[in-house]
Amino acid sequence: MNKLDSRLSMAHFYIAFTAIAIGGLFGLLQTLVRSEMITLPSSLNYYQILTAHGVLMAIVFTTFFIFGFLYASVVRTTGELSCGKRRAAWIGFWMMTVGMVLGVIIIMLGEATVLYTFYAPLEAHPLFYIALALIIVGTYFGSFAIIKQYNDWRKQHKGEKSPLIVFMAVATLVLWLIATIGVVATVVLQFIPWSIGWVDEINIALSRTLFWYFGHPLVYFWLLPAYMAWYVIVPKIIGGKIFSDSLARLAFLLFILFSIPVGFHHQLLEPGISHEWKFIQVVLTFAVIIPSLMTAFALFATFEMRGRSLGGKGLFGWVKKLPWKDVRFLAPFMGMAIFIPAGAGGIINASNQMNQVVHNTIWVTGHFHLTIGATVALTFFGISYWLIPHLKGRVLTKQLNGLAIYQSVLWVVGMLIMSGAMHFSGLLGNPRRTQVTTYFDHSVATSWGAYETAMAVGGSLLFISLILYLTLMINLSFFAPKGQEEFPIGEEADESIQPPAILENWKVWIGIAFALILFAYTIPIIDIIQNAPPGSKGFKFW
Ligand code: HAS
Ligand code: CU
């Protein structure tokens with residue numbers, strides 16, 4: 001890959017690694033505070049570092065890593081970026097970086113202790129919301145560069161199917177662009193005027209609804225790049241083939257259709273939304289599970305076909321033939337395996353009656369540490385172990401691969417202990433977003449203590465794993481032996497099959513997506529605006 005484009009991706013990765021370093025330290029501190037092993041110095045507040053942890057991990061690490069990966073994938077398969085596109089990409093990078101630095105400063109000054117979901121009526125300094133807006137607008141420049149590259153490629157290759165990974169990158173960005181309409185609307189029209197003081201009150205239900213219109217697809221914006229690696233890169237690493245190009249494309253399109261009109265599954269316990277609309281959005285939530293089930297099916301098929309071609313016999317003999325000692329396979333594979341219980345937890349959350357039990361408990365925190373913190377993070381680790389040396393002209397030596405395996409396994413162990421304890425104590429009512437409480441030494445509440453100790457043990461293992469990861473990343477960027485690491489891109493099992501043209505007819509899919517969104521949201525939003533109780537003033541508790 002040419003130097004200029006490598007540099008663009010690497011700039012994103014450096015910020016991502018910085019974010020995960022600081023955010024990870026805060027995560028460790030939280031587990032230690034919650035289990036009452038330490039108390040924070042008076043200059044830091046639990047909810048303040050919780051906010052910083054959430055923003056740095058869930059927003060900054062993910063977004064920067066994803067853009068670094070998307071640029072590299074697109075350049076690898078469609079050729080270098082033109083000067084104009086590269087300039088747009090850099091403008092985006094700098095806007096996102098300024099937004100991130102500004103946001104973190106405001107949080108560390110104690111002016112934005114509102115958690116990463118910034119729920120009204122918690123109020124932050126206006127600059128916090130402006131920082132968020134900068135990050136999002138920055139991503140629009142990057143999205144433009146990638147989508148334009150795809151369009152130009154298609155013009156030059158009339159009648160050919162686009163490279164699968166580029167199609168997936170574009171689908172991920174289409175999802176992102178539609179989803180961010182909600183958060184931009186609430187930040188620009190509600191939070192910024194309210195925090196500056198131009199208006200006194202905020203419509204809470206509306207702000208949360210617009211947030212979750214974005215907040216749910218946001219989780220697929222994290223997941224889909226991991227799916228890109230599962231569908232396209234992992235088959236090549238194991239020496240196998242992509243099971244079906246068309247199935248993969250359809251799965252991504254189904255995410256565009258179904259990931260947005262489902263935000264109410266985060267608001268099932270909120271008043272002011274009628275249960276009919278909650279019901280409809282829960283049904284649509286169950287529809288968005290289908291593309292993940294398709295993915296599970298396709299991956300099992302790829303693994304089994306490869307294992308059998310290597311001589312694996314019997315029902316499961318092929319499992320032994322997979323390259324378990326290659327971290328580029330093992331790390332994402334462990335992420336897939338964890339996604340089975342993690343996804344099942346998501347289905348529990350989405351089920352109205354069961355949501356009553358788990359909502360606002362630390363069970364939900366356990367759920368998202370398995371999904372984003374394990375499934376997606378492990379896949380991103382797996383990607384970075386070949387992509388960073390590829391971009392830097394270095395190699396992942398056998399010895400580094402060994403350390404990387406150790407790092408990923410330690411991450412899995414830490415995450416299983418921590419998230420397991422979160423799930424179990426959540427079922428005992430342990431609240432999320434709460435520093436310490438025993439409800440006046442109530443017997444159930446005192447039983448949470450042991451689980452919180454387990455969370456601290458898991459958190460400590462994760463922190464050790466993180467230090468090892470960052471050390472390896474520094475090594476792979478600057479010190480590992482020079483050489484050429486491959487950027488693996490898989491091929492389809494049967495290359496002669498052309499995917500149906502409709503799959504690349506974006507107007508149709510985006511049209512259906514908007515129709516579903518309008519169906520699921522128009523009436524409830526009109527209702528929330530017309531029948532809103534008096535708006536709320538802002539609160540700053542910490
Ligand atoms: Fe979720 C809350 C429902 C997926 C992230 N979720 C959250 C929050 C986050 C999050 C961050 O309905 C908290 C937000 C907050 O702060 O309040 N979630 C779901 C559902 C799914 C789901 C139905 N979530 C994710 C993913 C995330 C994520 C992915 C991040 C990346 N979630 C909810 C709900 C809530 C929620 C409610 C609100 C809870 C509340 O009350 O507040 C589905 O997409 C899951 C489908 C997945 C599957 C698994 C398929 C398995 C595959 C692996 C195959 C393995 C192979 C390997 C091939 C059905 C694809 C074989 C290996 C072997 C060893 C056999
Ligand atoms: Cu959701």
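Every residue number used here counts from 1 along the chain in the order it is shown.
From the backbone N, Cα and C atoms, a Cβ is placed for every residue, glycine too.
What you see is a predicted model, and the numbers here were worked out from it, not measured in a lab.
According to TrEMBL, the feature domain 'Cytochrome oxidase subunit I profile' maps to 1-474.
According to TrEMBL, the transmembrane segment annotation covers 12-33 (among others).
The annotation transmembrane segment is assigned in TrEMBL to 45-72 (among others).
Residues 8, 11-12, 15, 19, 22, 45, 47-48, 50-52, 54-56, 58-60, 63-64, 67, 127-135, 137-139, 141-142, 190-191, 194, 202, 204, 207-208, 211, 215, 433, 536, 538, 540-542 of the same chain, all 6+ positions outside the transmembrane segment (93-120), place their C-beta atoms under 8 angstroms from a C-beta of that stretch. The transmembrane segment annotation in TrEMBL covers 93-120 (among others).
Sequence-distant contacts of the transmembrane segment (126-147) (same chain, at least 6 residues past either end, Cβ-Cβ under 8 Å): 59-60, 63, 67, 70-71, 74, 81, 85-86, 88-89, 91-100, 102-103, 106-107, 111-112, 114, 118, 169-170, 173, 176-177, 180, 183-184, 187-188, 191-192, 195-196. As annotated by TrEMBL, transmembrane segment applies to 126-147 (among others).
Taken from TrEMBL, the feature transmembrane segment covers 167-192 (among others).
Residues or ranges marked as transmembrane segment in TrEMBL: 212-234 (among others).
Outside the transmembrane segment (246-264) by six or more residues, the chain places 164, 167-168, 171-172, 174-175, 178-179, 182, 209, 211-217, 220, 224, 227, 231-232, 273, 277-278, 281-282, 284-285, 287-288, 290-291, 294-295, 298, 497, 499-500, 503-504, 509-510, 512-513, 516-517, 519-521, 524 with a CB less than 8 A from a CB of the stretch. The transmembrane segment annotation in TrEMBL covers 246-264 (among others).
Look at TrEMBL and you will find 279-303 (among others) tagged as transmembrane segment.
Under the heading transmembrane segment, TrEMBL lists 329-348 (among others).
The transmembrane segment annotation in TrEMBL covers 368-388 (among others). Sequence-distant contacts of the transmembrane segment (368-388) (same chain, six or more residues past either end, CB-CB distance under 8 Å): 9-10, 13, 57-58, 62, 65, 69, 72, 219, 222-223, 225-226, 229-230, 233, 327-332, 334-336, 338-339, 341-343, 345-346, 394, 396, 401, 404, 407-408, 411-412, 415-416, 418-419, 422, 469, 472-473, 476-477, 485-488.
The feature transmembrane segment is assigned by TrEMBL to 409-428 (among others). Within the same chain, residues 31, 334, 338, 345, 357-358, 361-367, 369-370, 373-374, 377-378, 381, 444, 447-448, 451-452, 454-455, 457-462, 464-466, 468-469 sit at least 6 positions outside the transmembrane segment (409-428) and bring their C-beta atoms closer than 8 Å to a C-beta of that stretch.
Annotation source TrEMBL lists transmembrane segment at 508-529 (among others). Same-chain residues lying 6+ beyond the ends of the transmembrane segment (508-529) with a Cβ under 8 Å from its Cβ atoms: 174, 178, 203, 205-206, 209, 213, 253, 256-258, 260-262, 264, 272-274, 277, 280-281, 284, 502.
Using a Cβ-Cβ cut-off under 8 Å and counting only residues 6 or more beyond its ends in the same chain, the transmembrane segment (45-72) has close neighbours at 1, 5-6, 8-13, 15-16, 19-20, 22-24, 26-27, 29-30, 33, 81, 89, 92-93, 96, 100, 103-104, 107-108, 110, 112-117, 132, 135, 139, 142, 145-146, 169, 172-173, 221-222, 225, 228, 372-373, 376, 380, 383-384, 387, 390-391, 433, 435, 487, 541-542. Remote same-chain partners of the transmembrane segment (212-234), defined as residues 6 or more beyond its termini with a Cβ less than 8 Å from a stretch Cβ, comprise 58, 62, 65-66, 69-70, 73, 117, 164-165, 168-169, 171-172, 175-176, 178-183, 242, 248, 251-252, 255, 259-260, 262-267, 288, 295, 298-299, 302, 329, 332-333, 335-336, 368, 371-372, 375-376, 379-380, 382-383, 488-490, 517, 521.
Summarised as a single figure, the pLDDT of the domain 'Cytochrome oxidase subunit I profile' (1-474) averages 96.
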